[in-house]
């Protein structure tokens, strides 16, 4: 029987191939993750060294481990207020973006209305606007209304790209909720606001989480606008990092420590949403 | 889903409109305003018509920046899209290792962009950076502050480091939506690994890959902070991309008129390309639904 | 084509199964004949999909082995088993045309183009999609896609077996009949070994030569539809097959007499001493409602007219029983007794049927 021979032959082969193939996948992932983590490790490594060690000896790990760089940052208000400022406007932005995007996304996912398609595309175009284009006009706009160097200015400026994104993500998730749910709720005597908060929002909770994650992310990582719109009171940590460039050259250790500290909030957020990341990155469209 | 016609839905959209009008329309009007006027300071402006547009359109400096920008976007798309798909195909499908990979891969995406720049600025330095030091030790003459080619390589590797995970995570989400039965059916049909990719995985990833290409194109076309921190646009103008040039013009030299004209055309180019993407995407959606 | 032997086969999803309860599939030994059509019938969670996955090679059993013909394929991957499978939901290659979809399994095995073309034409005719061959599969309706899946399962002539995993779930009811009849006639024509998983007894009984009834990880009976009906091997088979299911009543057995609450029921066979829980089972079709004094008393609760016959629901010494009365049999108010056909009464000990000796 011809196929019998083939059967046993390939069975044996499959068993020998199986192990190296799994290792091949793991190898790719290990290589890629190493590539991702090595530069971050290097920053961490530097943040735990003294400047003397950084500049004079090339070491793969800190020989003389020190937390002075972190101490410098965490005891100086000029430094740590940067983190507070960043967090304040990021949270403000996330809340504002979600609050206005939720009803709009609902309208786009449920109804046809005059100009809806154009409006949706026009909203998306704002996500495509280069921040560099808006830097100067924003500076003038917020100066003229007296909001320059406030947290709300940065939060509003970031709405430029976060609101369209939030609408887009939420609309994707809302489309997946059958319309019958709305109708049933109305028949049961729910008013629109009560239905929206009590029934609808819990249904798209993961979508809201994903949208919040993206708003947080893009507001947290943006620097051009937040730097342009602030000088002292609302200055973000990322902009304060330039302080390390003193007369005596760059304070590498403190710079590295400040960098590491900016990674931590992001890492925490990722940890909380890890189970939604994959679906979230597809913006509810898979 | 069947949608009903309801013009009152406008009220739900109103908050977004007000907010976006405030943060997009007003500034944009300022830009348009500047683009057709000149000023000698003291807030005195006079009408110059399309002079600035002509200047920008014929400016060698802008042409070069645009050329560099297109080249940069093309290179990073050509690297990040296939690499991201390749990574997604190799990721564990479930279990603890899948979570570990997801978390670690998302990490670079949440680092502030200037810190990304700082990380690579440090990492590539010959004196204190692991990469630069290692390359120097291997006898490779590498210096991103002096050599244009090295600067380009550094900026591209940095972008790949920063953003490939986004493509990979999107592709991974597409792969996760494929039911196990498809793989089983492919085994039964004796499909080759390539055929599984070509006929099962790729079609399922099509939608998310378009999103990935769109996002990567837009963001790379607007890139500013990361290369600025690493190279400052140099050496010379070697890595001066459009945004870097624009910020130099607007905030550095306060050439408001040309900068505004530049801004408008910059925005229009992005809009045009994005519109093409958007049309292709919605057409695909329709075909799916048919 | 080959017969399929399951030898000491068992499977547990746990790494270290301790007791029998840990096994999703309890140890079984069966030989399935070459060229027969089998239906695996049982409720959800009974292990039928587990068994199918073991046969197709998706799962490796925790113990025992599986043979196709004389070849042990326990460790062989799916590709090497030379089987075809149709899944519950349509699996089609969206970007390919219908023609390429049907030709795919043949092309991958390097068949002659001329042979592929003729075979695809044949299959297309069978599933009624000749005029859509050039179309892309994307955008077709779910049942058109499922027909393609069926066609792809059928396209190879040399397979060891064709497995169907509830393939008609997404098909419209009127199409179900047509497709099932087609599958049946194909089976007669080509004689493939077919294994058809379903939880629908009508599907199983109309499709299969032999029905494999599964319950709680066990094969409780393998038999022709008639055997399952006439002599259920397990009370579950009695319940699950037939509508309404078999009446099962606790009883004491003495020789060729069964006693329920002291009332005597004659049996056609004699039984020795029986331990455990003893029950008798009799299908509603073999119970008649009567006014005869010889019968046993019942309280009729309600009568359902289902068209071809009527179902009488009654209370019999505190247990619900069903009785089927044919259309020609009159049912009147004074009929408050039942009789059982002695030769159709089965005796069950701890749910398993026991056979008695001649009375």
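Each position is counted from 1, following the chain as shown.
Cβ atoms are placed via backbone N, Cα and C, with glycine included.
Among the features that TrEMBL reports, domain 'ABC transmembrane type-1' is placed at B:66-277.
Residues or ranges marked as transmembrane segment by TrEMBL: B:12-36 (among others).
According to TrEMBL, the transmembrane segment annotation covers B:70-89 (among others). For the transmembrane segment (B:70-89), the list of distant contacts is 105, 155-156, 159-160, 163-172, 174-175, 197, 201, 205, 209, 212-213, 216-217, 220-221, 223, 241: same-chain residues at least six beyond its ends, Cβ to Cβ under 8 Å.
Per TrEMBL, transmembrane segment is recorded for B:96-115 (among others). Packing against the transmembrane segment (B:96-115) from elsewhere in the chain are residues 87, 161-163, 165-166, 168-169, 172, 225-226, 229: each is 6 or more residues past its ends and has a CB under 8 Å from a CB in it.
Look at TrEMBL and you will find B:151-175 (among others) tagged as transmembrane segment.
The transmembrane segment annotation in TrEMBL covers B:196-218 (among others).
The annotation transmembrane segment is assigned in TrEMBL to B:259-278 (among others).
Residues of the same chain lying 6 or more positions beyond the ends of the transmembrane segment (B:12-36) and with a Cβ under 8 Å from any Cβ of it are 47-50, 52-53, 256-257, 259-261, 263-264. Residues of the same chain lying 6 or more positions beyond the ends of the transmembrane segment (B:151-175) and with a Cβ under 8 Å from any Cβ of it are 72, 75-76, 79-81, 83-85, 87-89, 91, 93, 102, 105-109, 111, 116-117, 120, 124, 144-145, 201, 204-209, 211-212, 215-216, 219-220, 223, 226-227, 230-231, 234-235, 238-239.
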